Amino acid sequence: MDMFVQDRVGGEYLTALRTVLPNAIVNEEWQTPRQVTITVTADALADVMKTLYYEHYGWVSVVVGNDERPLNGHFAVYYVLSMEGPQKCHIVVRVEVSAITQEWPSVTPVVPACVWGEREVRDMFGLTPVGLPDARRLVLPDDWPDDLHPLRKDAMDYRTRPAPTQDDETYEFINDAKQETTIVPIGPLHITSDEPGHFRLFVDGEDIIDADYRMFYVHRGMEKAAEARMGYNEVTFLADRVCGICGYAHSVAYTTSVENALGVVVPERGQAIRAILLETERLHSHLLNLGLVCHYTGFDSGFQQFFRVREKAMVLAEVLTGSRKTYGMNLIGGVRRDILGDQAIETRRVVAELREDVNRLVDILLETANITGRVVGVGKLDKQVARDFSPVGPMVRGSGFARDTRSDHTFAGYASVPFTPRSHDGCDVLSRTLVRIEEVHDSLNLIEALLDVAPGGRILTEDFEYKPHKFALGFTEAPRGEDIHWSMTGDNQKLYRWRCRASTYNNWPVLRYMLRGNTVSDAAVIVGSLDPCYSCTDRVTVVDVRKHSAQTVPYKEMERYGRERKDSPLK
Amino acid sequence: MNSPFNAPFTTDGLQAKPPVVSIPDQVAKMKAALLKDIQRSAYVYRVDCGGCNGCEIEIFGTITPVFDAERFGIKVVPSPRHADILLYTGAVTRSMRMPALRSWEAAPDPKIVISYGACGCTGGIFHDMYCVWGGTDKIVPVDVFIPGCPPTPAATIYGFAVALGLLGQKLKTHTHIEQEGESVPVSHPDIPYKLRVALEREARRMAGYRQGRDLVEEFLDQLDAKAAAPLPERMKRFVANQEDPRRAEIFGCLEGIVTQAIGG
């Protein structure tokens, strides 16, 4: 891999690291000029991570576990850092885990952002991060057998389904409150949107003192499915189904990761089309979220209007891809559909229409007095918390950090068009909403600019061969933030390992801090401002610890209270 | 009542299988009577058992202004206790089986169950995975399946109409029996096979599967056309007559392949 020594970006970080920790780095391997994997000793892992994260402005993107016993006799854990200091690159810190002790030292105590990643590695591989403060399961269901770890190569057939042992959930929720609090459980089923999740709000009167949540109700085992029964190109279509809203971003991240691993150069026209489709996806996703902000703040006509306008973004998707979802458009090496002249003309027409409609709606939204009343200063994401937990997308951009994969680690066609990431300093729901509003306009401009600069030529290259056990990262900026995939090719026309990390995965851990100190009626709008692939409440049971009584408040009542903020159902 | 909470699982090889809830005859009769004469609006409760969101968002699309299912009296409600129709999306995951069953129990009889989307209907791309029980019909009896990944809003409204007995299911079967001497004609038999494959491949790399196919057919028709003018001249004119520069570029590429084949 000496071919691009000259172009390498990020070598300075390694030099600095070698000065401070002389014996830490065992091996260094470059996947692309901006991607390096360093193997470090287990003892030095925490120090390496801390140095890169806090002293060189790194952010944790994802933690990947891998069962490499068939390859080299060890398990391995990869910590992916997005370096956003003066040299923008990805540094992957790899540590080998002995197949005998099956333990490695946890990084979470020094870099809190690793908490979910390490919990997931423990679930899926049965390795123990020594010193990890949170001993609970993350991904696997509560009644899954303790000694069955799905992603170990020798663990089980992918079809294995043990019968359930119990029907109750045993997940333990954590409450850091000092005083007595009342529990408000929310979910896992709810009306407003999307996926199931279960929230516990710990409240004193109307104030949220602490909150905890259980996610992964919809764990379906995609990574195992990809490794067990799909070829490389089929996984692009599986990656579409990671998320129903930002699926295309996942598909691009996956194909990019394999292309990076194999050194495939995608034709420029294919790259431009990918970027156009990503922006189309951002349009309908952000319009959805703006609609939901209206809904949660009791401005339902705004909600209906945003959904009316959003349908135009769906028309755009239909013009460009033939279906309302931007599914099934990618292959490794390029895309499956060109943009011909008629489609380009139609796209420009719809974009112009959308711009006018969005402008009008946003004016109305921002001039509605009770909107500002509900979103200013609500759901504060403190800058230090944001720095510690590495959230992504409009979440972190609403707290003053202009992190955007489109400019930090340019991919697809974004290098060919001017682009500046947006950020706001308010740290509240308003800031996140403003970031989204500005990004809708950016997306419209980007689509036009990309149509202008898209060169001719092919959209797909088929001129490459698969090589076994090559790995690399792929990344995109999805509507909710950075999506990152890590793929390792196998020797049987299947992936050896595929790790796919959706943007919301990085955003959940900070929600707890955003909810603290707000009132129950703000919970929905705060959760909504995360733009999770999931929002809100279907039913709320209130358990009063002091009175030892339980009372169920119907969703309608909860939502009504969220909008009107009088006649509390908790009294 | 047959409670889904106590029924035992069966095991088939590696896979445990959940019991399907059964409906008493009396309830089935009530349902038939309801469907025969349903003269009111129907309330729908959405149960996501492990969907990717695609289906959920399309349901949202269905109930908002452009498609507006409410004009047919179909309304999404926030509690299963108000529901006539339960709409299940997503493959049933291990963690969501009990919540899904609890909402089924909470809905009053007679209820109609719709399984929505590819994953809801069969488990879809996630069939047989370790954390998935399968489609909706693996846990509760399903009345109507709305397939699609995801189903469009129009398909959704059509599915509701079928569920409410307003429209009959469109079923069409057609059986073709091969006659003696019948065979599929080879397309463009006059064009050398290797040249045709080369053109089709290049068209796919330039314009993708669907559009590449359309464009190459158009081009092959030109090659096949019986006309007085010589082939190179005809191709040049065809390319020059394209209004869309991108199509001209693609046809230009194909022309290059043909020219090379004739010359070499």
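Any Cβ shown, glycine's included, is placed from N, Cα and C.
Annotations in TrEMBL come from automatic prediction, not curation.
According to TrEMBL, the domain 'NADH:ubiquinone oxidoreductase 30kDa subunit' annotation covers A:38-155. Summarised by DSSP class, the composition of the domain 'NADH:ubiquinone oxidoreductase 30kDa subunit' (A:38-155) is 32 helix, 42 strand, 44 coil.
The annotation Mg(2+) binding site is assigned in TrEMBL to A:GLU223. DSSP assigns A:GLU223 (Mg(2+) binding site) to a helix in the three-state reduction.
A coil conformation is recorded for A:CYS246 (Ni(2+) binding site) in the three-state DSSP classification, outside any helix or strand. Look at TrEMBL and you will find A:CYS243, A:CYS246, A:CYS533 tagged as Ni(2+) binding site.
Residues or ranges marked as Fe cation binding site in TrEMBL: A:CYS246, A:CYS536.
Feature annotation from TrEMBL assigns domain 'NADH-quinone oxidoreductase subunit D' to A:298-468.
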Roughly how many angstrom lie between the C-alpha atoms of A:CYS246 (Ni(2+) binding site) and A:GLU223 (Mg(2+) binding site)? 18
A:CYS243, A:CYS246: which of these binding-site residues has the sparsest Cβ neighbourhood within 10 Å? A:CYS243
What does the structure give for the C-alpha distance between A:GLU223 (Mg(2+) binding site) and A:CYS243 (Ni(2+) binding site)? Integer Å is fine. 14
Near chain B by Cβ (under 8 Å): which of the binding-site residues A:GLU223, A:CYS243, A:CYS246? A:CYS243
